[in-house]
Amino acid sequence: MKKKNFTKKVILPTALALSVTFTGFSPLSTYAAIQTETNEVIWQAPKGLNKEEVVQAYLQDQLKDQPQPKARSSKKNVNQFKIIDEQVDKQIGTTHMKTVEQINGVPVYGSGQTISLDEDLNVYASIGEVNNELVKVNINTTPTITEEEAESQAKAAIENEIGAIKDYDGIETDLMVFPKNDEYHLTYLVKASTSIPEPGYFHYFIDAHTGEVQHHFNALHSAEPETETVSARGLDLLGKMQNFNATKNIETGKTHLYSLETVKNRSVPIHTYDAQRMGETPFILLSALLGFTGFEVETASNFFYDPAAISAQQNSIKVNKYYQNVHDRNSLDNDGMKIISTVHIGDKWNNAAWNGKQMLYGDGDGSYFSSLAGALDVAGHEMTHGVITNTANLTYEGESGALNESIADIFGVLAENHSKAEEDRNWVIGEDVYTPNIPGDGGLRSLENPKDNSLHPNYGMKDDAYPDHYDDRYLGELDKGGVHINSSINNKAAYLIAEGGEHYGTTVNGIGSDKLGKILYKALTVYLVPSSNFSEMREAMVQSARDLYPDRNGEPSAETAAVMAAYDSIGVLE
């Protein structure tokens with residue numbers, strides 16, 4: 001891979017983010033129960049049980065000191081564990097079951113386990129610790145207020161924060177047990193997507209008895225007209241002429257920046273909109289009519305004149321092709337969901353974000369950033385947040401939040417490099433849009449050399465730089481516990497797995513980007529759970545490497561050895 005020389009710069013870790021705010025919440029700790037990097041059976045299944053019964057029996061066996069539940073409620077006691085997903089790996093004959101913990105049938109926020117069974121239904125891997133305290137919890141799980149009342153409370157709080165909202169892009173509400181300061185509260189989790197007066201993906205935990213806000217954060221992530229597919233052209237933000245498919249409305253004669261992209265006989269709709277930096281009324285109109293945000297990017301001919309929109313559309317197509325061709329993933333949700341981008345968000349907005357349903361791109365101020373729609377790795381980063389939301393759903397705080405950001409960075413780089421010639425590849429995020437007036441200034445973050453990017457002294461980091469070792473991680477409360485800062489630790493491990501090298505005295509023999517991507521994708525989609533930490537990340541990566549590249553004669557494969565050495569080198573030990 002070609003090495004590029006970039007200058008060192010001081011940055012604040014704010015862009016390319018979900019932009020969430022956590023206050024006063026400590027998630028339940030988890031522990032990876034995979035037995036010290038081995039594929040041996042860790043729990044022998046009793047005879048005669050099916051796989052669902054094996055998982056329940058194994059998890060019950062992990063509970064310690066189980067007193068009989070006393071007056072938890074008048075309802076019949078419900079099993080603490082609910083199986084919510086099953087994945088079968090036909091290649092190696094294993095089954096992966098995902099569970100969530102519950103109280104009287106109400107899921108506990110942030111809980112979860114992944115239990116892996118071999119072909120004989122014995123447990124050989126487990127990620128996510130069981131909560132021994134839940135059986136002792138005595139709360140009323142019958143809500144006092146209605147779902148509509150909870151949504152009203154959440155809306156009032158959101159609008160108190162960002163201003164009046166005429167219409168919401170979408171609202172989802174679920175009953176959830178929320179752990180807070182060693183206590184448990186029955187809440188409604190209200191998730192609301194907004195575009196005006198500012199983009200957001202707000203999560204509000206409304207107490208289902210009192211209506212109080214227990215916790216909140218911003219996780220910034222009709223009839224069809226007759227149409228025909230046409231060939232279109234236009235210049236992108238890099239000044240390159242792009243040829244692509246677009247959609248012509250037969251009735252109006254206008255051509256829109258929408259296409260149905262088919263890969264492996266699976267079609268994914270990809271649609272790019274224009275916010276036009278405008279106000280609420282026109283912005284919400286199309287959202288209400290079409291179910292998503294923005295004005296149509298349209299032309300009376302088949303030539304488009306919006307480089308930002310063309311870049312966003314083309315980058316979405318490329319990232320989708322990467323996930324389809326390399327990981328056999330059918331769009332962000334693996335079920336063919338529409339991929340939506342909106343460009344020209346705000347006035348010189350220096351950011352890009354995933355708001356829970358679409359990608360949002362600002363135009364930049366021309367100094368710190370140019371239009372963020374112009375970077376393929378930025379698109380890969382934001383779209384990967386959508387993949388994470390639909391898989392491990394890593395909590396956006398602390399170590400799990402750092403892993404969320406890191407995985408988005410890694411797949412952003414891998415998606416971009418997949419479409420480049422070998423000599424043009426690099427391990428930097430956002431180099432095409434960062435400080436456009438300073439040639440060779442690098443990017444927002446470097447996976448190869450995290451310390452190339454300096455941090456503001458207020459963070460108190462060693463050498464005022466991004467960390468590349470677990471011992472140097474940020475432990476403060478800023479940046480949601482360091483979600484952007486500490487992401488660089490796992491980023492460094494990923495780089496070493498692919499490219500190899502020596503790091504703090506440990507030598508890693510690289511295995512290439514393709515194998516890194518396969519191992520990481522399996523870890524994300526099979527093993528990681530919402531509250532996974534760095535230790536669990538190592539375990540998930542090692543187990544995924546073993547699944548894909550089995551041990552031989554009792555010795556780990558070269559791929560597994562590379563993963564082990566990489567995590568050793570960053571101080572995340574077994």
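Each Cβ is built from the backbone N, Cα and C atoms, and glycine gets one as well.
Note that the structure is predicted; figures quoted are calculated from it, not measured.
Taken from TrEMBL, the feature signal peptide covers 1-32. For 79-125, the entry in TrEMBL reads domain 'FTP'. Per TrEMBL, the feature domain 'PepSY' maps to 145-214. Annotation comment: TrEMBL describes 245-388 as domain 'Peptidase M4'. Annotated active site per TrEMBL: GLU382, in sequence order. According to TrEMBL, the feature domain 'Peptidase M4 C-terminal' maps to 392-572. Feature annotation from TrEMBL assigns active site, proton donor to HIS484.
Secondary structure at the residue listed as 'active site', as computed by DSSP, is helix. The DSSP breakdown of the domain 'Peptidase M4' (245-388) into helical (H, G, I), extended (E, B) and coil residues amounts to 48 helix, 43 strand, 53 coil.
On the 0 to 100 pLDDT scale, the domain 'Peptidase M4' (245-388) averages 87 in the predicted structure. Here the CA atom of the residue listed as 'active site, proton donor' lies 14 Å from the CA atom of the residue listed as 'active site'.
Here the domain 'FTP' (79-125) is broken down by DSSP into helix, strand and coil counts: 0 helix, 30 strand, 17 coil. Its Cβ placed at the centre, GLU382 (active site) has 28 other Cβ atoms within 10 Å. Secondary structure counts, DSSP: the domain 'PepSY' (145-214) has 16 helix, 33 strand, 21 coil.
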